[in-house]
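Straight from Swiss-Prot, here's the annotation block:
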type	residues	note
TOPO_DOM	1-21	topological domain 'Cytoplasmic'
TOPO_DOM	43-55	topological domain 'Periplasmic'
TOPO_DOM	77-83	topological domain 'Cytoplasmic'
TOPO_DOM	105-109	topological domain 'Periplasmic'
TOPO_DOM	131-156	topological domain 'Cytoplasmic'
TOPO_DOM	200-218	topological domain 'Cytoplasmic'
TOPO_DOM	240-256	topological domain 'Periplasmic'
TOPO_DOM	278-287	topological domain 'Cytoplasmic'
TOPO_DOM	308-313	topological domain 'Periplasmic'
TOPO_DOM	337-356	topological domain 'Cytoplasmic'
TOPO_DOM	400-416	topological domain 'Cytoplasmic'
TRANSMEM	22-42	transmembrane segment
TRANSMEM	56-76	transmembrane segment
TRANSMEM	84-104	transmembrane segment
TRANSMEM	110-130	transmembrane segment
TRANSMEM	157-177	transmembrane segment
TRANSMEM	179-199	transmembrane segment
TRANSMEM	219-239	transmembrane segment
TRANSMEM	257-277	transmembrane segment
TRANSMEM	288-307	transmembrane segment
TRANSMEM	314-336	transmembrane segment
TRANSMEM	357-377	transmembrane segment
TRANSMEM	379-399	transmembrane segment
């Protein structure tokens, strides 16, 4: 057959046992992190009644993740990657235990939540970078595109399930249960990861880490195509930071604790559908234009989200944002792999991930600040429509990205 299917091809999970182990570990990890992602903002909102404080926690964690990604890129290129992955996961679990113990105190410490957020953000990003660096060795460079879509599906499905579980746990047992189960899940992920083969770094000349990073930055700034992709990715993650307003919007919509979980699950659900139906994305003749348009649509969805009179309609807007952002993100990933020289792939992937984290942190800080000056509804709408205006300007300015054309790859039987 030579007709390309809309559905994602999952054959890598059958043919590559090491990738299957990573798939399982990542799914458990995402569920665990989702429990954490619901608990932290709700706990801070309950303690402080301040959206600014909620945004600050996300910003601090994002800053720690950025540093961790930079350090992790250097470690992954110099040390055995399996050891880096295992060390990072185990250390994260210790931080989650700390959050659980803090939540059990008669008066939990807000400072402890912030400090443990820094701890977990830093060490979690070390593992992410090492896994990204190891993926070509696990699946083969020719399968990276398929592996990326499967990874997104894993992340999104886990992110759909965990917020709903987290919301139910909040309604029945409190945040300590969320933290405790997150710690347990993180340590469980070590079991499949222990089965990975040794993942030594590639041989390369010794270079000062800062010099290597600067070379990556220079390439990013000098390439209007790759640089434009990275810029869109940063803006897209800024829009996703709207989650810092969920607790306040939930009060506005008079949602129960269990219903709050649907807000956190909506974006991952839409993105999971986007990843599952991504079979034809790699065959788009004009991926740059499609990326720009899907990004604009996602900004519009966020702008409309806060204006919805009922929470269920807000969930629909968030799901639409998730679907459109998944389309844009998959196109970003694919074009970065194909348009970046092989010698730069590791650094550019690391910088792309880091700027996504930075965009999330900046977005959280801005939304937290807006939430202190405006109503939650006005804050959400202002962020979405503001990004939409910026996106329209980029549609006009990023000429090379908008006009980029590619020859659709040849389809094989396994693609159909």
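Think of each number as a place in line: the chain as shown, counted from 1.
A Cβ is built for glycine as well, from the same backbone N, Cα and C atoms used for every other residue.
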Mind checking which residues of the chain, 6+ beyond the ends of the transmembrane segment (219-239), have their Cβ under 8 Å from one of its Cβ atoms?
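Distant contacts of the transmembrane segment (219-239): 288, 291-292, 295, 298-299, 302, 321, 325, 328-329, 332, 335-336, 339-341, 344, 347-348, 351-352, 355-360, 362-363, 366, 383-384, 387, 390-391, 394, 398, 400-401, 404.
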Given the cut-off of 8 Å on Cβ pairs that are 6 or more apart in sequence, determine whether the transmembrane segment (357-377) and the transmembrane segment (56-76) share at least 3 such pairs.
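Answer yes: the transmembrane segment (357-377) meets the transmembrane segment (56-76) with 3 or more Cβ pairs below 8 Å.
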For the transmembrane segment (314-336), which partner among 22-42, 157-177, 257-277, 379-399 gives the most CB pairs under 8 Å?
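By the under-8 Å Cβ criterion, the transmembrane segment (314-336) pairs most with 257-277.
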Would the transmembrane segment (22-42) count as touching the transmembrane segment (257-277), i.e. at least 3 C-beta pairs under 8 angstroms with sequence separation of 6+?
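In contact, yes.
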With Cβ distances under 8 Å as the criterion, find the stretch in 22-42, 157-177, 179-199 that has the most pairs with the transmembrane segment (84-104).
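Against the transmembrane segment (84-104), the leading stretch is 179-199.
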Check for me, if you would, whether the transmembrane segment (22-42) reaches the transmembrane segment (179-199) - at least 3 Cβ pairs under 8 Å, residues 6 or more apart in sequence.
yes
Same chain, outside the transmembrane segment (56-76) by at least 6, Cβ under 8 Å from its Cβ: which residues?
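For the transmembrane segment (56-76), the list is 40-41, 44, 84, 88, 113-114, 117-130, 132-134, 201, 209, 212-213, 241, 244, 346-347, 350, 353-354, 357-358, 360-362, 364-365, 368.
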So what's near the topological domain 'Cytoplasmic' (337-356) in sequence-distant terms, Cβ-Cβ under 8 Å and 6+ beyond its ends?
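Beyond its ends, the topological domain 'Cytoplasmic' (337-356) has Cβ neighbours at 65-66, 69-70, 72-73, 76-77, 128-129, 132-133, 144-145, 148, 212-213, 215-217, 219-220, 223, 225-226, 229-230, 233-234, 236-237, 406.
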Can you name the far-off residues of the same chain, 6+ from the ends of the transmembrane segment (157-177), with a Cβ under 8 Å from a Cβ of it?
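Counting only partners 6 or more residues beyond its ends, the transmembrane segment (157-177) has Cβ contacts under 8 Å with 26-35, 37-39, 42-43, 100, 103-104, 256-265, 267-269, 271-272.
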What is the number of residues in the topological domain 'Cytoplasmic' (278-287) that are helix, strand and coil, as DSSP sees it?
4 helix, 0 strand, 6 coil
Using a Cβ cut-off under 8 Å, which residues of the same chain at least 6 positions beyond either end of the topological domain 'Cytoplasmic' (131-156) come close to it?
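Residues 8-13, 16, 18-19, 22-23, 26-27, 30, 73, 76-77, 81-82, 85, 196, 199, 201, 268-269, 271-272, 274-276, 278, 282, 322, 326, 329-330, 333-334, 337, 346, 349-350, 353 contact the topological domain 'Cytoplasmic' (131-156) from elsewhere in the chain.
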Summarise the topological domain 'Periplasmic' (105-109) by DSSP state, stating how many residues are helix, strand and coil.
0 helix, 0 strand, 5 coil
Below 8 angstroms Cβ to Cβ, which residues of this chain, lying six or more residues outside the topological domain 'Periplasmic' (308-313), approach it?
249-250, 253, 255, 259, 262-263
So, by DSSP, how many helix, strand and coil residues make up the topological domain 'Periplasmic' (240-256)?
13 helix, 0 strand, 4 coil
Report, as numbers and ranges, every residue of the chain located at least six residues beyond the transmembrane segment (179-199) whose Cβ falls under 8 Å of a Cβ in that stretch; write 'none' if there are none.
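Sequence-distant neighbours of the transmembrane segment (179-199): 17-18, 21-22, 24-26, 28-29, 31-33, 35-36, 39, 80-82, 85-86, 89-90, 92-93, 96-97, 99-100, 103, 130, 134, 137-138, 169.
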